[in-house]
Amino acid sequence: MEAVIKVISSACKTYCGKTSPSKKEIGAMLSLLQKEGLLMSPSDLYSPGSWDPITAALSQRAMVLGKSGELKTWGLVLGALKAAREEQVTSEQAKFWLGLGGGRVSPPGPECIEKPATERRIDKGEEVGETTVQRDAKMAPEETATPKTVGTSCYHCGTAIGCNCATASAPPPPYVGSGLYPSLAGVGEQQGQGGDTPRGAEQPRAEPGHAGLAPGPALTDWARIREELASTGPPVVAMPVVIKTEGPAWTPLEPKLITRLADTVRTKGLRSPITMAEVEALMSSPLLPHDVTNLMRVILGPAPYALWMDAWGVQLQTVIAAATRDPRHPANGQGRGERTNLDRLKGLADGMVGNPQGQAALLRPGELVAITASALQAFREVARLAEPAGPWADITQGPSESFVDFANRLIKAVEGSDLPPSARAPVIIDCFRQKSQPDIQQLIRAAPSTLTTPGEIIKYVLDRQKIAPLTDQGIAAAMSSAIQPLVMAVVNRERDGQTGSGGRARRLCYTCGSPGHYQAQCPKKRKSGNSRERCQLCDGMGHNAKQCRRRDSNQGQRPGRGLSSGPWPVSEQPAVSLAMTMEHKDRPLVRVILTNTGSHPVKQRSVYITALLDSGADITIISEEDWPTDWPVVDTANPQIHGIGGGIPMRKSRDMIELGVINRDGSLERPLLLFPAVAMVRGSILGRDCLQGLGLRLTNLVGRATVLTVALHLAIPLKWKPDHTPVWIDQWPLPEGKLVALTQLVEKELQLGHIEPSLSCWNTPVFVIRKASGSYRLLHDLRAVNAKLVPFGAVQQGAPVLSALPRGWPLMVLDLKDCFFSIPLAEQDREAFAFTLPSVNNQAPARRFQWKVLPQGMTCSPTICQLVVGQVLEPLRLKHPSLRMLHYMDDLLLAASSHDGLEAAGEEVINTLERAGFTISPDKIQREPGVQYLGYKLGSTYVAPVGLVAEPRIATLWDVQKLVGSLQWLRPALGIPPRLMGPFYEQLRGSDPNEAREWNLDMKMAWREIVQLSTTAALERWDPALPLEGAVVRCEQGAIGVLGQGLSTHPRPCLWLFSTQPTKAFTAWLEVLTLLITKLRASAVRTFGKEVDILLLPACFREDLPLPEGILLALRGFAGKIRSSDTPSIFDIARPLHVSLKVRVTDHPVPGPTVFTDASSSTHKGVVVWREGPRWEIKEIADLGASVQQLEARAVAMALLLWPTTPTNVVTDSAFVAKMLLKMGQEGVPSTAAAFILEDALSQRSAMAAVLHVRSHSEVPGFFTEGNDVADSQATFQAYPLREAKDLHTTLHIGPRALSKACNISMQQAREVVQTCPHCNSAPALEAGVNPRGLGPLQIWQTDFTLEPRMAPRSWLAVTVDTASSAIVVTQHGRVTSVAAQHHWATAIAVLGRPKAIKTDNGSCFTSKSTREWLARWGIAHTTGIPGNSQGQAMVERANRLLKDKIRVLAEGDGFMKRIPASKQGELLAKAMYALNHFERGENTKTPVQKHWRPTVLTEGPPVKIRIETGEWEKGWNVLVWGRGYAAVKNRDTDKVIWVPSRKVKPDITQKDEVTKKDEASPLFAGSSDWIPWGDEQEGLQEEAASNKQEGPGEDTLAANES
């Protein structure tokens, strides 16, 4: 390896110069290639056949992993190898043409780079050029006296080596190879003496056209490739063969290439650049037709493969046409054999079909090259056809899309189109100019005309986009260059150019501010004649502050209330544009008074200075010349000021300085407190940190200065879904009071710089809510915008564990004020968060704004807040690795080993956050004692939760859910055991959040223990000097673990852990503890950054050695100490339990009785049978509500409890129960009903039990089959076949004929069973005893609401019909409500009377609480029909239709074709009711009113028998009414009247009662006189019925029966 590295390094230095890679980089590259299997040995690097695969693999690695170092090194090495090879090829060709031998192209190996070659001369004495010989000597090996050639024979005689024709003056052979790969003219011919065959013994090759001497190279086993791909995906397979440069030897390439290619095609697709690169690399060397076709079968589907075969044939026809025109074409073997044809190129000629060895021997090198090139071109065409790219003409840059992403999509689409390569670049540039965003289009139009390629355009746009406004470094540099001349000119004019004769600098005039004279000499000096003028400095009369000469006695005011520090945080660079244009008449120089508020003595408490105003600087800087020497200064975290003349060292005032600006009239502006910077500048400068507080304003050419609290480079762009079209939701109307509050809040946010005016095409509504304090809060409904966003992943998986803070370390808690409003929103995303401020009655155009900071309610705001704050704090974490800094959203907790270190770190954190633009609430800075953070109170040694109430209020399921969530938050700190959480978990069952819940006794008792635990329990802070211990134990309803210190002696818990809720039917305690130990170890590493030092296991593991396999797996890699001891006292609250490792169940028979169990869902029985002597003993258990699995489990449990102290064999045909019993071999936690049943039975046994599973209904003879059959027959025995038939039909819904045969019942009984099924009978029969209609007036009403559009706006009609008389009452309503239903019934009662019962559908207006109460007050029974089934309301539905037809006819008769006027609706509705109630309908001789007020008295008909549920016929009934499919019968003894289906009624011939009838037959008759369907013995009744029919007693359709 070292020799190869040395050779390659020498070649790189020769051909690459200064850019050559180092030996270390070359070695790393070679190691990677060998590791990836791309090189079998380092010497293979000299083979050109391996270059393209290496390039493809390293390119893919660079694209996927982003690691391009090895690719860069390989590019330099490849260039050197190619250059060396080109020189050697040229040299060998020159030797051949000059008759000096040659023809061999050797790889650039060590011998061809380092060994010089002797000069060779031509026999005639002509010398080859010295330069060529010397350069050729670098790469050519030393030649012997007789040069050897490989693969190149004599042109005249064909002799391979040593012929006398070598120096003949003949023309060189055509098609001499001179490129990346050598000439293939001699491939396939017999090797010479110098031929080398790598990886195998040398064997002679066959002559072209003769397959008999083919040596049989290493070829591709494509059958195995396809078999493995079909079974296991992409395998490691043999590869096709290529031609080595050493000669015509066929050797296999690296097998991983075909695996990588198949995987790439499957994942990336055919059009992927990675796929194309790998295919081109694989086919860079000639391939056999056998290998080409099989390769395409592997990577292409059936359809693409068919396309490829056609395309390949077309390409091969092109090659044949070219070979036909040119006899010396390489495919024809340069004229030394038969011409090529399609069969040869496809491998279908004689000796080639299915014979890769024959193809390798018979095909010429030129044919192989043509075959491979044609296959590659065909693959490119298939890729375009199989996976067409999207139309590039439809691609447009999105509003929030970056130019790079747009360029990626456009270039990919253009390159995948059918455009010719020469037209792609102009098309891409034209799309850049037309399809990009308007600002990008302007940049491109302004670009120089010399930019002619897409790459140049992209680079130009990206370079121009780097120029960002406000906070970019370019603005800082521009301000620096602009401020410095201004400062220097002013200071030079003031100081250097205005010195007196004595050399002292003269001050400015106090009156006019101009230099060159004193105040006393000022021509603008006021006349001091105003005795009422008072001095603001000395409080004297007769002069003002500018005329006052007292300097040290009483100058200025002391700091007092009302003074404030600068409101604007300061960034490291200016955040506003330079203000060069002044909007006021003030001069740029102002007079300032500085007062030191410190307590230490100084010579001068106050000084006057001149400062530069409106400079655009971020901070106030006092020149060291103006700063008193005895005023103390301190060093700062950032020791330099950037933007003021480049970089200037600075310090900061230790004391707070009071700064005031003196106005022209001598008055003093409101003083301001700040800590100014002190630097070596030639003039003091007032920055933004004090100008705003002084009431001054920065101005610029654009307008009002804009201040963002955090630099824009910290803004994180949002990710939008592909279809993020703008969302526009109109602003909701707001009352005037809320609109005023909204306007005030918007103005406030605008002044704070949180929003800006907008013209966005997005809009979502805003509103205000009143807070408890009475003020309003602004809210923005961003749900529609959030639906377009791609949510960010969680960057913080949970809250930090506070007990991990080192014990005794002092703490400090900081709170970031308005954290969201301190973080800017990316500029390209702001337009999506626009809103509208409306005006009342649209009196003025609406004002529109958009957020510049993170809006509250945006789904990504919390994540961005965490990321930005974490990015600001990251330098401090690196600078202070020992500082514990806990960051969760906008809360920070700092912990240091000392108070001084904590204070220093806290000040540095505060300064860093303030410089970044965040605001720290001073009143929320907490220091010990009594620090609270994330709902916990922290002391120097403990962490305790706060906020538990005495007793929560529980009313709904949602209340329980919130309470359980709070308890889950507290469990790691309090160690609440599972037994106390059980009562609350029980109340979580349900799906309706509003489902009622009660605060029951179990919950109350558990809550009392939790509250008591919260007053005594707390976590202890971790002591790094003591070992970290962990312990686990089983307890009631689960397991519990703890991380702490001194657990066995003086317990100090640091974190509690609990087992999860079981997810399987049964979980063994051993598995529960195993999972808890794994969880405990992971929590220790995650929380404390270290593994547990000591692990305490239950004492049962000490008795059971070696440890169980599950425990050993949980302890894998554990290097600490393991101790098995009794349960520590810290677990007493959890009530620990002993863990038994005893095996209770086995799958092998045990000596003891054998019992058989079975259960049946049809009989709802479970049975246990066992043999005692010649007879079988049976025990049964029945439960109609249990499932078959539960019945099986109960049967097995009953069998286990037959002999609790005796080993028992339980045989069952239930695989479910058998598998569960085997899993319950050891004690564990059940979670299903069946598991609880079995666990209860096993816990009562003391002997071993064996569970044996047999297949039911098997024909295998023997004891087990016999016993299982007995149990099965007993379980399925049915004493009541009719019940069995019902159960069978309920399960399978089979027809009556199959049901009759299966259950051995009559056909009539089977039909009845089917008809009672609501799923199989489309018109289900009503049960006997339910009266579908009244036998007389006012017995049963039917009511319904129907919609009549003609009656709009009160288009709902409430309709009630009396089921006996057919009388109708209708009322009109606007909506369907309970009040409307009650009003309608009151009207109907007033017209018809009070009914006994009313039948309706199950609409909410009829089933509401108020309607039920109304009906109860009136004493009316109420029933509902089948939901969604109109047949239960047949009479009222027909009445609805009849009423609507009558309304339509009456309306059209009055000329109202569509809508009826409201004034006419009441009259028309009354006319319709009159026509329906007071006139006969159909063939009836009585009107509904007559039937209602003069009803017919029903008489009893002939005696009948009815069939009851048992199938028997019951006597004692007389028929009253015979309807359509139903009959009303009356019991002669009890006078009970019921309706029964007509098929269940037959005459009772034992009774000869006469049928009497009064005036007329019942109106309930079905319209026919022969309503009695039986017997001649009732001829008198039939004659009477016939006479009634002649009198016209028929009924209308409304009176028909419901059936």
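Yeah, the Cβs are placed from backbone N, Cα and C, and that goes for glycine too.
For the Mg(2+) 3 site, Swiss-Prot gives D1401, E1437; the one candidate out of D1344, D1533, D1535, D1548 that the record lists there too is D1344.
Looking at 21-38, 507-524, 687-704, the range annotated in Swiss-Prot as zinc finger turns out to be 507-524. Per Swiss-Prot, the range carrying the annotation region 'Disordered' out of 128-150, 1255-1277, 1485-1507 is 128-150. Within the listed segments 180-184, 310-314, 740-744, Swiss-Prot records motif 'LYPX(n)L motif' for the stretch 180-184. Put simply, E1192 is the one of the recorded positions D430, D1158, E1192, D1213, D1272 whose Cα lies nearest to the Cα of D1344 (Mg(2+) 3 binding site). For the recorded Mg(2+) 2 site, residues D1158, E1192, D1213, D1272 set the reference point as the centre of their Cβ atoms, and the other residues of that chain within 8 Å of it by Cβ are F1156, T1157, A1159, S1160, A1195, T1212, S1214, S1256, N1268, A1271, A1275. Non-local neighbourhood of D430 (site 'Involved in capsid protein dimerization upon acidification'): empty, since no residue in the same chain at least six residues away has a C-beta under 8 Å from its C-beta. Confidence for the domain 'Reverse transcriptase' (750-938), expressed as mean pLDDT, is 89. Rounded to the nearest whole angstrom, the C-alpha distance between D1272 (Mg(2+) 2 binding site) and D1401 (Mg(2+) 3 binding site) is 47. A gap of 43 Å separates the Cα atoms of E1192 (Mg(2+) 2 binding site) and D1401 (Mg(2+) 3 binding site).
Summary for the binding-site residues E1192, D1272, D1344, D1401, E1437: the Cβ-based neighbour count within 10 Å is maximal at E1192. Shown for the domain 'Peptidase A2' (609-690): DSSP residue counts in helix, strand and coil, namely 3 helix, 34 strand, 45 coil. Summary for the binding-site residues D1158, D1213: the Cβ-based neighbour count within 10 Å is maximal at D1158.
Cα spacing between D1158 (Mg(2+) 2 binding site) and D1401 (Mg(2+) 3 binding site): 46 Å, rounded to the nearest whole number. Between the C-alpha atoms of E1437 (Mg(2+) 3 binding site) and D1213 (Mg(2+) 2 binding site), the distance comes to 55 Å. Put simply, D1213 (Mg(2+) 2 binding site) is 49 Å from D1401 (Mg(2+) 3 binding site) when counted between their Cα atoms.
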